[in-house]
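A short worksheet on the structure shown next.
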Amino acid sequence: MAERKGTAKVDFLKKIEKEIQQKWDTERVFEVNASSLEKQTSKGKYFVTFPYPYMNGRLHLGHTFSLSKCEFAVGYQRLKGKCCLFPFGLHCTGMPIKACADKLKREIELYGCPPDFPDEEDEEEETNVKTEDTRIKDKAKGKKSKAAAKAGSSKYQWGIMKSLGLSDEEIVKFSEAEHWLDYFPPLAIQDLKRLGLKVDWRRSFITTDVNPYYDSFVRWQFLTLRERNKIKFGKRYTIYSPKDGQPCMDHDRQTGEGVGPQEYTLLKLKVLEPYPSKLSGLKGKNIFLVAATLRPETLFGQTNCWVRPDMKYIGFETVNGDIFICTQKAARNMSYQGFTKDNGVVPVVKELMGEEILGASLSAPLTSYKVIYVLPMLTIKEDKGTGVVTSVPSDSPDDIAALRDLKKKQALRAKYGIRDDMVLPFEPVPVIEIPGFGNLSAVTICDELKIQSQNDREKLAEAKEKIYLKGFYEGIMLVDGFKGQKVQDVKKTIQKKMIDAGDALIYMEPEKQVMSRSSDECVVALCDQWYLDYGEENWKKQTSQCLKNLETFCEETRRNFEATLGWLQEHACSRTYGLGTHLPWDEQWLIESLSDSTIYMAFYTVAHLLQGGNLHGQAESPLGIRPQQMTKEVWDYVFFKEAPFPKTQIAKEKLDQLKQEFEFWYPVDLRVSGKDLVPNHLSYYLYNHVAMWPEQSDKWPTAVRANGHLLLNSEKMSKSTGNFLTLTQAIDKFSADGMRLALADAGDTVEDANFVEAMADAGILRLYTWVEWVKEMVANWDSLRSGPANTFNDRVFASELNAGIIKTDQNYEKMMFKEALKTGFFEFQAAKDKYRELAVEGMHRELVFRFIEVQTLLLAPFCPHLCEHIWTLLGKPDSIMNASWPVAGPVDEVLIHSSQYLMEVTHDLRLRLKNYMMPAKGKKTDKQPLQKPSHCTIYVAKNYPPWQHTTLSVLRKHFEANNRKLPDNKVIASELGSMPELKKYMKKVMPFVAMIKENLEKMGPRILDLQLEFDEKAVLMENIVYLTNSLELEHIEVKFASEAEDKIREDCCPGKPLNVFRIEPGVSISLVNPQPSNGHFSTKIEIRQGDNCDSIIRRLMKMNRGIKDLSKVKLMRFDDPLLGPRRVPVLGKEHTEKTPISEHAVFNVDLMSKKIHLTENGIRVDIGDTIIYLVH
């Protein structure tokens, strides 16, 4: 991106922002209390929340994009007269902060302070192997993945902290987890305040037991959930050290911090008899090769199964007597997950090498092939999955590459004893349609990248990167039973169907290798712990009812919710390590981060009355309530309408004040988040609200808006590549309003949005230009036109303002902010620029200032600082934060259409004039350039020519019969071609149909009308001065096409005028300026028949750009046209022996004799070959 030339404009915006933020702070504009609002709620309230961000670093542009949706919504709803609350908390619960602090502590213990680290050895490059490592991230592990994301490229925590710009002295403090809670939350608030958020900061808090009020609130929530039988105790998957005999949490790990369990679908591939000789001793037993897959939805396309010939495998007996074949490592994991009779014991019945089961025949679930075979793949690794891999060449680049190797290389088949019939008949089966890659995505991408074999590891990794994520988010199923459904919606359903049928099992292993401090490689084990029973039927049913009434703004979000409710089961809500609130009935457990963050929006409603504005809840409570007084019964009374008044020392009126706040603000009117939180946090949010208020559906969430991820300059944000911006960096670079404008423009849907730096820079220029224009208008108030605002362009501009208000209102209401920015700023500014250009009589004062006021209000949710500043420039006494949405007056659509017509005609005429001036093709171009025409006749048609009239009638008939759509061109061409009256015109007919179809898209059904809704001749005549000036012509006349020659009559149609340019002949005379030292010169000018002073002065102004004002020029003729021009002018006597030419005088030209005379008051006067012009 090109370097900026300077920062004056962005500095100007930042200076305004600082002043305005100070003003808001002083006036406490965003602080709201239910007690003072209840009397004035005729237009309702609006309570919006954003998932509190995790406090292990600075906020970045991705956070800002999501929260900007809340911010814009609040800005709009304030203008609509609602009482708005936007609170903002900060999340500290969970493992990452504690793990980072403990890691720092360990580094200091091992390497000193500051640490002297050993040279980092080159880490072994991880080979891309057939283990499906390009996987869809498990969003439920969002907090852990954040820890990984913060790690950057440094191996050591100390290095990571250094990369944040911290000194050695400061870093040491971060070895205590509490310091993180003191350091990052104030920075987050500082950055968000710079953004200009409309937040009531009194209600902010941090989570964990550091804040005794929040701690008490979460304990109350969990006691209530347990009381209602929503929390159970039982076995859950966790990282476990067999050597230590206990779960291995982050602080117990030598390597693998932040790593959690990875869920696979374990596919059972039944070995068919006759068994391979190595397995013959197991005759009578059910033997299965078990393959671990992350992509159960692809299994409809299995063609074979892979094993590595030189890898060791075992067969072990499962709890029900079946034999599973896999690696020893996978069997060890399975033995801790209930697969074997005794926990942790693998009863091995057979040891074998992969090559000993090659060629075995299998029965595989879901695939259309009745029998598939075990084939060799040389790149399988032992440290991931089971060592057995099922092959889906339609959707896996590794599989199609390996299958092609075997098909192409007879010698390879012979080496491993593979018969042709085990390989050659098996072709990829279409399972999933992926936009851009078709229904055999792996085949397509391998051909595109020219992948030659399974050893092209780098290209195969690139291929998987390209199709796996796209396949998950955009892939559409093609198989029966799931046809037309999105992959992400059916993935879990397919997995469940297979498990229920006994064809698959859930299998877990660590995402990456985890080594305990005792140097034991960890497994995933089923361990006892507390969990929320989300799958429970009645709870799920009630949550589905909540979802039915939830506004999701787009169908994809609703489908994602529905799919999640379909598969969501128990969720472990307790941990033994990290920060957070302890389970009230079992203090050894901490409540984990996705479980203490489901109904905290209720805490926002009362936080300011408890905490005294202190994030940690350590200040004196405004109501004098101590944390320990907030018992379960007290919380019940505050949040449950029917709960009795508790035994407490707190005065009733104080608890009633808390209750009033909750009752006033609840439910949450809008929650905004990234779409990746739908399958976890947002679904838990619905579940928990239903559980806590089962009989009060009026307390359930009202709306959830999910957005896509944010790209930066069309690329993924990444610290390692440097394509990354923190919130504070973005504000420094673009100002708050400049950044907000670009965020609004980044995107509205659940697809990925794009923050473009060039757009942000262009936005800064637009905002600066806008405020400068407002200043200019305020300064020139007196010189603007007054009186009735009733010219054609006045009326058009007024209608366009009103239409803009209505469209922008609709876009804001639907949370389509990119569209609201388009209709409420870009199109609004374009309407003003058009008015300024068209209003040849000058802009009307009343309209200009109505425009400024309306524009400021429409833009205020996006750019509040600048709009507050402009509001002040307009002399408004109150803050724009207390203003109301503008009232739209009547909209004359016909008038707007007629103005659009005028702009199109002007554009067409300019193009035609340009083409007229260009030498004809094929002719020599060394001739003089063509002389510019002086006159133009525009022909307008009252009706369509007969052939067009007939064509339009046919199109309208089809449009109305075909559900307001036009059929294919073949259908239209067939009917029109059979009509005798059109035979002569068929060359013109289909291009005319194409033009109508194109305009139908742009302008709607009115394009099919046989007559225009306005008088186009009248529109052109009202704007004749503008058209003449715009084309720099002398004169334009408008006539009906019926007055023109045949060709024009045949082709001219309503709304598409034709024209003829011409050069009106004239006689050249000298135009002399006798005034000394004024920069005006003498020139030759053409005088044409019928000219007057006005037309001659306008012609002069085109040649002499120094003349700005027509009224300042005066024309004079010599009393003696023959001798007068020969006399030397005398200084100060420029008027002597000359007569002023009246504005009513008409010039007459005799082309034959090349002479000019004036007709004035019926008297004819010769003027010779020279006249005088004076500029005053």
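Glycine too: its Cβ is placed from the backbone N, Cα and C atoms.
Checking the ranges 60-63, 644-647, 1044-1047 against Swiss-Prot, the motif ''HIGH' region' annotation falls on 60-63. Within its own chain, the motif ''HIGH' region' (60-63) is flanked in space by residues 53, 674, 709-710, 712, 717, 724-727, 730, 755, which lie at least six positions past its ends and keep a Cβ under 8 Å from the stretch. Taking every pair among Tyr52, Tyr54, Leu594, Ser597, the residues listed as contacting L-leucine, the largest Cα to Cα separation comes to 12 Å. Once Cβ contacts within 10 Å are tallied over all protein chains shown, the recorded positions Lys719, Lys970, Lys1047 are led by Lys719. If you draw a 10 Å sphere around the CB of Tyr54 (L-leucine binding site), it holds 24 other CB atoms from the protein chains shown. Nearest neighbour of Lys719 (ATP binding site) by Cα distance, taken over the recorded positions Tyr54, Ser167, Lys970, Lys1047: Tyr54. It is Ser597 that, of the recorded positions Ser167, Ser597, has its Cβ surrounded by the most other Cβ atoms within 10 Å. DSSP classifies Tyr54 (L-leucine binding site) as strand under the three-state reduction. A separation of roughly 25 Å, to the nearest angstrom, links the Cα atoms of Tyr52 (L-leucine binding site) and Ser720 (phosphoserine).
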